[in-house]
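Report on one structure; see the data block that follows.
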């Protein structure tokens with residue numbers, strides 16, 4: 001018998017097991033760039049401690065080449081044991097090389113990073129290796145999170161569209177709008193803070209958080225949508241800056257501006273005045289200047305984080321100054337030469353603007369009864385929401401932050417609260433400042449009211465939008481590079497970036513998307529698309545926090561304590577509701593795009609286990625289901641076969657084949673429509689400490705083989721002194737509760753007599769007895785080499801030789817075979833064995849009634865024992881019907897028994913086999929041989945053309961020779977090409993009742 005019978009790990013019993021050296025403990029390789037690495041001088045045997053102390057530590061210079069291969073580890077270990085170099089260490093018992101210090105913590109972190117299931121739990125190992133990490137300036141909370149968030153939030157919408165929103169929706173609905181969107185971003189910020197403070201965070205921002213919480217498929221799909229949202233948002237900001245510039249400097253236009261004449265501007269349902277002329281920049285001017293500005297911003301982004309950090313204050317300070325100038329102008333209005341619409345802060349104006357005035361507008365946003373666009377609250381929601389979508393700007397740069405767990409919550413929350421308060425205050429101020437006509441027709445009302453000059457606001461608008469565009473063009477490439485570095489989608493490999501380097505290829509791709517959207521040139525067409533992508537990302541962050549908070553796994557310990565799963569759930573629902581309120585069409589399109597990416601990642605993506613929340617949910621669901629099943633017996637209606645597939649207990653297969661190729665096909669035949677679980681087990685003979693690594697390697701190989709054969713199951717490899725002992729451990733301990741395997745499946749040992757493997761009978765009988773004792777059913781397959789696959793359709797009959805009560809297992813197996821394409825054209829025949837002829841008709845009627853009640857269609861044939869006495873029909877000319885077969889079996893058994901008796905007499909001990917005392921009853925041996933011979937002849941007579949034969953397995957007689965039992969089984973199965981020998985257990989698996 002092979003050692004373990006498992007590919008690559010087995011050997012023949014004739015070979016003496018080679019003694020292996022004791023495994024040496026391995027330690028982390030000391031890197032040459034580790035600073036302050038101390039090499040303790042080895043203390044020679046017999047030397048004093050003082051001498052060792054005088055020698056002192058030797059400091060290794062960085063860059064010294066250190067050999068750390070296995071031979072060096074073995075030598076160092078031997079040196080410790082022989083020379084006692086660590087003999088005086090207080091922690092020698094724990095097996096550490098040196099005392100616990102900060103270097104030990106570095107090793108712990110390094111080992112966790114290497115042991116992660118993904119190639120990069122945030123970093124791509126294949127990229128980082130061989131490329132020294134560049135020194136990168138780390139950012140604090142102010143410059144790394146607060147400033148980017150503020151720049152993204154205070155964008156074009158506030159300056160150009162916010163006064164118009166107040167005029168269209170009225171003061172009270174504008175307050176509801178701002179509070180509604182602010183609640184969504186606030187709850188998302190709470191969820192973001194909780195997840196970001198639950199451990200170290202790598203590059204990728206929200207993608208990293210969602211991917212590690214909801215899995216790589218969801219993370220990549222939402223991450224790519226969020227990347228597109230950032231790239232398109234950059235185009236929106238660029239267009240806003242260009243539009244403002246052309247309004248402020250009309251002489252810079254290359255093409256003639258578009259002029260819109262509105263005959264009657266309707267305000268509060270009445271015409272407000274005469275014809276109004278509205279001038280808007282030409283589309284081609286927007287395209288030309290937009291492309292130029294995008295290219296200039298890309299040059300800044302190519303300069304890296306250092307240049308961006310230097311440029312960012314230059315963009316933000318004028319923005320804050322311009323907002324201050326707007327507030328000053330509001331409080332001192334109206335000034336001389338002010339517009340006729342500006343009334344100054346007035347309660348009367350506030351009352352007039354309190355209610356909404358939704359109406360039709362033209363493409364320029366001017367009220368027009370013949371306009372093509374009708375506005376309502378939902379439409380305003382889609383227009384305004386991009387003004388609050390900058391809360392992820394700081395987390396997008398998580399790889400560049402000094403302390404992500406402190407900076408992201410504080411910076412993002414302060415930016416969210418401050419801007420929301422500013423928006424709420426602005427609603428009151430603008431509503432009390434100007435008439436509704438001015439709010440709806442003057443797009444740059446903020447500039448008109450600003451002190452001391454509109455030029456301040458023009459500069460603020462341009463710089464704010466350029467700053468927001470710069471942040472978008474900075475965060476989007478890093479997000480795409482983080483997705484590519486995770487190595488989930490091979491198609492994104494072009495966008496990978498080395499650790500510490502700039503994602504130049506991703507920046508070029510982002511610029512291409514941004515320029516493509518700039519060419520569209522319509523700001524109101526771009527904003528709904530951005531809104532959907534950002535809301536999808538926010539919903540993903542909230543769902544991630546909801547799942548992690550609800551499951552409350554031991555690893556869920558966020559430093560940010562102000563969170564609850566109900567808040568995250570409300571935030572996620574708010575995001576979904578806002579998406580459908582804005583536009584169900586855009587919502588369906590965005591969800592369809594995310595679903596397509598999810599499907600593509602699941603098909604083409606590389607598998608990665610990031611410990612996501614779904615795995616924890618599956619685990620807790622499995623525990624709940626297991627507890628709900630209890631320890632009671634499973635009702636026959638709920639009984640599922642859980643086969644324990646015993647791989648390669650005997651038989652020689654190629655070393656690279658972990659189990660018989662057809663075992664997986666047979667396991668699939670035992671499950672209806674793939675429902676159920678199979679457990680593939682194998683045993684490696686030997687000592688556990690010596691063969692543990694071999695078992696792990698074999699288990700991985702077997703798992704891969706199961707997946708290759710498309711069989712739903714798990715693999716288990718154990719190490720035991722022998723196959724019998726190993727199987728006994730498996731049959732007692734495998735499984736949990738009612739999810740324990742209930743059927744043991746193995747091949748019939750057809751080679752035992754051919755190769756004279758005399759130890760197989762004892763193992764075979766031991767396995768069957770263990771199954772009977774453990775109340776497990778047994779299915780032994782002969783003819784596995786000829787078992788059909790799913791493409792080989794069979795025609796004929798499935799014959800059952802029902803001899804003993806087995807709980808209906810044989811009947812159920814035959815019905816399961818019929819559910820497979822290979823056997824669906826077959827018919828079932830049930831052969832019942834009767835003792836007397838008088839019982840035949842009664843037995844046939846009972847079996848037919850029983851099968852009818854079981855909803856099973858089968859032909860019933862009764863065979864009596866007396867018919868065995870007649871000479872068999874020899875028309876087939878089979879050699880099995882010749883008495884020579886019977887005499888050969890008798891001769892082999894007599895020879896074997898005589899050898900056992902001679903050994904017992906020679907050693908003066910009782911008759912023993914396999915270490916157990918046995919009793920030889922030659923009359924029973926003759927009787928059992930004859931029974932098997934006649935049963936085999938009956939099977940050949942009636943089922944010679946059967947596709948599969950199922951027959952009851954006789955239990956091994958107590959204190960009987962295993963060799964004799966093996967001879968009985970050989971007589972039973974000989975010349976039958978494909979047979980299943982089935983032993984049921986003391987439990988019904990079929991029921992008559994509904």
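Placed from the backbone N, Cα and C atoms, the Cβ positions cover glycine too.
Not measured: the values here are computed from a predicted model.
Quick look at what Swiss-Prot lists:
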type: CARBOHYD; residues: 268; note: N-linked glycosylation site
type: CARBOHYD; residues: 274; note: N-linked glycosylation site
type: CARBOHYD; residues: 337; note: N-linked glycosylation site
type: CARBOHYD; residues: 353; note: N-linked glycosylation site
type: CARBOHYD; residues: 370; note: N-linked glycosylation site
type: REGION; residues: 1-28; note: region 'Disordered'
type: TOPO_DOM; residues: 1-139; note: topological domain 'Cytoplasmic'
type: TOPO_DOM; residues: 161-174; note: topological domain 'Extracellular'
type: TOPO_DOM; residues: 196-221; note: topological domain 'Cytoplasmic'
type: TOPO_DOM; residues: 243-287; note: topological domain 'Extracellular'
type: TOPO_DOM; residues: 333-372; note: topological domain 'Extracellular'
type: TOPO_DOM; residues: 394-412; note: topological domain 'Cytoplasmic'
type: TOPO_DOM; residues: 434-448; note: topological domain 'Extracellular'
type: TOPO_DOM; residues: 470-505; note: topological domain 'Cytoplasmic'
type: TOPO_DOM; residues: 553-558; note: topological domain 'Cytoplasmic'
type: TOPO_DOM; residues: 580-585; note: topological domain 'Extracellular'
type: TOPO_DOM; residues: 607-994; note: topological domain 'Cytoplasmic'
type: TRANSMEM; residues: 140-160; note: transmembrane segment
type: TRANSMEM; residues: 175-195; note: transmembrane segment
type: TRANSMEM; residues: 222-242; note: transmembrane segment
type: TRANSMEM; residues: 288-308; note: transmembrane segment
type: TRANSMEM; residues: 312-332; note: transmembrane segment
type: TRANSMEM; residues: 373-393; note: transmembrane segment
type: TRANSMEM; residues: 413-433; note: transmembrane segment
type: TRANSMEM; residues: 449-469; note: transmembrane segment
type: TRANSMEM; residues: 506-526; note: transmembrane segment
type: TRANSMEM; residues: 530-552; note: transmembrane segment
type: TRANSMEM; residues: 559-579; note: transmembrane segment
type: TRANSMEM; residues: 586-606; note: transmembrane segment
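Sequence features annotated in Swiss-Prot and their locations in the structure.
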residue : record                      : Cβ contacts under 8 Å, 6 or more apart
337     : N-linked glycosylation site : none
353     : N-linked glycosylation site : 166, 167, 170, 171, 431, 432, 435, 436, 439
370     : N-linked glycosylation site : 360
Out of 175-195, 449-469, 586-606, what stretch is closest in contact terms to the transmembrane segment (140-160), meaning most Cβ pairs under 8 angstroms? 449-469
Result, the transmembrane segment (373-393) in contact with the transmembrane segment (288-308) (3+ CB pairs under 8 Å): no
Per DSSP, what is the residue count of the topological domain 'Cytoplasmic' (553-558) in each of helix, strand and coil? 0 helix, 0 strand, 6 coil
Given the transmembrane segment (373-393), which of the listed stretches 222-242, 312-332, 449-469, 530-552, 559-579 has the most Cβ pairs that are under 8 Å apart from it? 530-552
Express the predicted model's confidence over the topological domain 'Extracellular' (243-287) as a mean pLDDT, rounded to an integer. 67
So which of 175-195, 449-469, 559-579, 586-606 has the most C-beta pairs under 8 Å when paired with the transmembrane segment (312-332)? 449-469
Name the range, of those listed as 449-469, 530-552, 559-579, 586-606, that has the largest tally of Cβ pairs under 8 Å with the transmembrane segment (222-242). 530-552
Which residues of the same chain, at least 6 past either end of the transmembrane segment (586-606), have a Cβ under 8 Å from a Cβ in it? 216-218, 220-222, 224-225, 487-491, 528-529, 531-533, 536, 579-580
Lying 6 or more residues past either end of the topological domain 'Extracellular' (434-448) yet within Cβ distance under 8 Å of it, the residues of that chain are 158-164, 166-168, 244, 247-248, 265, 267-268, 272-273, 276, 278, 326, 338-343, 349, 352-353, 357, 365-367, 454, 457-458, 461
Intrachain neighbours beyond the topological domain 'Cytoplasmic' (394-412), with Cβ under 8 angstroms and 6 or more residues off its ends: 136-142, 144-146, 148-149, 189, 192-193, 196-197, 200-206, 208-209, 230, 305, 474-476, 478-479, 482, 559-560
DSSP helix/strand/coil residue counts for the topological domain 'Cytoplasmic' (470-505): 24 helix, 0 strand, 12 coil
Within the topological domain 'Cytoplasmic' (394-412), residues counted as helix, strand or coil by DSSP: 15 helix, 1 strand, 3 coil
